[in-house]
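Asker: Look at TrEMBL and you will find B:267 tagged as active site, proton donor/acceptor. According to TrEMBL, the Zn(2+) binding site annotation covers B:266, B:270, B:296.
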């Protein structure tokens, strides 16, 4: 095929180089969070900026543009055509934004992230405000530039950078449905849990080495390939690294084993997606994970759908008792499962349970779309944020540290990212329901720590498809219908009100 | 100054980018030796190849060549002129070798290194021979190409890549002197040590965590800046990383604490040089370490000159007794010092003491100059190697694993590197003698673990000079004379025959 398609073949070579460059950036990013001494931060920022600058140069250079046009006229196999489409998408996103805007935004984000750390610590929104306004101004410019090139509204253009093909027109009705029934559902669950058996937290301390050993054992059970990945420690858990080198992190609290463990399970879900991408395409755009909705669905299928099921706690409880050398009522499967499925509105998004989490996202989505549209001023953000928390979660935000200063996304220039968390939760519920229907041994397997039925299904229907199809197609073929809220609602009802 | 020197200013920006790229490669190289899962090796090779290819492209692009010519006509401060000279040197080295030769050599080296690992394990030189011959053929081509561009003989051109300004014309008389007196000196030391008190090795095991704690404590005493560096574990100790991120490694043997400890001290010597480079020039060629002779001198000043002195063992012995919770005659300073200064010819270069080490280098220098000149065939290497070991060390090599297969340098394409080990030992002795003369509190300080007098002197006379002057100038200004063998001979005589 390549002999007849010289332009396409040349593009494959260029994108393989870009994949290597991005892999290098991924390892440097992992290192910065896990290994790097403090004094190296400035030099590391330079290194990553140079790598990203070179990748942008290569991607937007005339060689790529000309060959994309030529390759469009070449005879290609269907998968090559899908790859070419992804190449073109990457090119259009990159070429849409002038280099000086990329650099201005990158500098503004670096400054704003730095200020954010201290502003959050001191709960001082006023300190962040001018720099956040500058980041927003540049995001709006980027959204406008990408939107013009891609034929999209600015917010959709930003969103498309994280989740190709996702649009406000898809999100708005889904989120409207959630908004309609979620607050009532949360109230019903809270009432039910208040009236039911109260769970007892197991008493610590839980040695960090034991927590790590348990995490590694579960990663192995889940099918994480340690020849192509690692588990380390960082302040904020993440899944990073490079192709064939997938590195996840967690953080340990000697007083609470569940936080690190659930972090490991969540990130292992992301990692299985990365490790399950098709080998033949792993250095090409079509071999990349499809987008953040499907990525988050994979972490939540593991963490929330599989590993907070009653079935899984039949496996987990004795494993924990043995590992920590403990026993008693607090260590019974039923009690541990009750603890892991406790619903309680709180201020902090990353600490939220699966029922209240969407409320945090509905609010952020509403605010960031308004900010990008120019319908909300940065100065009015704290008030709007606090009003939203009161309306959606019934809580009075006492300070901005527990309010609009809690997340790095906005100062960090990740606008259009938030909705994918909840879209991922919807997709996870829908995919897990389909997997259970297709693999009757899935839930029984979990009682023995056997994740093979789930993993094999996900590998075939999601991981191996990578970016060879779009999110809609992957979801529709895997579950028989487009993304909706029904499966998520059914899941929440079954688990919490069943 | 920059306003009047636009070409020079543009070059500084380009070389700062190259410094960032090289830093990224340095961190990826460190990661490959210390963290990377096995399955990531191929992807990592691609990442590093792409980074190195991009660096070569940037360095040899027309923009650099044109600006070097222009900048030569601009008004520059003396340090800028030194920087420009280093830029030109980098450019000439890189531009001299055609890209296809660089890539052919890189591929041949990758293959040959891989084969070398198994050939060494099986002591099978025949298996390595064809690939080693190919690496040599390409090194000769590279030497010829660089030589033509630099006006140097091929071996000098290769040597200049590791140690700018170093020439066979400098090395040959120095090595001839060593060859004249070293074998007799070794014999005399052996006789003296055989007739003297025999040292008693302390009995293990020595817990790895304790070894690491001792290493960290000594690094701190030496002045290693942990805000800009780390200590880790790798199979072969090295000093790597990036500017402001200097990462050294060692490996631990629970039965022998001395090996890891001396590795830490050696690499800390390298690290102090890297960390002591002048801040204002740290992303420019003039701010880089001068070359391998001075680099090795810094590791050997710490490991061999300072940390095998009797003075240092007065500090080290009680520290070790306390750390390992041990006591007795084996743990007395005098005994430990005797152990650390034992001279005994052996087959393996990296295990050699400071008196026999130069013999290993004299042999390798003789052989690699002959191989590059075409005066020795690869097929005749094992025989020539074994003859040399017999002549210089009086040992009969039983197999090639203990002979010409022991080092990675030749399969790894590092031709012209070996002599710098012994040139470094000569420079270390000369610099240490000058430092002692200039700082009378240097040796007394070592008895208390106070390295400040030595460190301050090295920082001023070597580290801070970076590549702002050449090796000859730095050595002459620091020690009052050119590189010679006299200080090394005096050192060996004083320590072993005094």
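From the backbone N, Cα and C atoms, a Cβ is placed for every residue, glycine too.
Describe the structural context of each listed feature in the structure shown, including burial, neighbouring residues and relevant distances.
Answerer: Spatially close to residue B:267 (active site, proton donor/acceptor) yet at least six residues away along the chain are B:237, B:238, B:239, B:248, B:249, B:250, B:299, judged by Cβ distances under 8 angstroms.
Sequence-distant neighbours of residue B:296 (Zn(2+) binding site) (same chain, six or more apart, CB under 8 Å from its CB) are B:420, B:421, B:423, B:424, B:425, B:427, B:428, listed in sequence order.
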Asker: Can you tell me how many other Cβ atoms are located within 10 Å of the Cβ belonging to residue B:266 (Zn(2+) binding site)?
Answerer: 23
Asker: Once the chains shown are all counted, how many other Cβ atoms turn up within 10 Å of the Cβ of residue B:270 (Zn(2+) binding site)?
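Answerer: So the number of other Cβ atoms within 10 Å of residue B:270 (Zn(2+) binding site) is 23.
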Asker: Starting from the Cβ centroid of B:266, B:270, B:296, the recorded Zn(2+) site, name every other residue in that chain with its Cβ within 8 Å, sequence order please.
Answerer: B:239, B:267, B:269, B:295, B:298, B:299, B:300, B:302, B:303, B:424
Asker: Three states by DSSP: which one describes residue B:266 (Zn(2+) binding site)?
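Answerer: In three-state terms, residue B:266 (Zn(2+) binding site) counts as helix.
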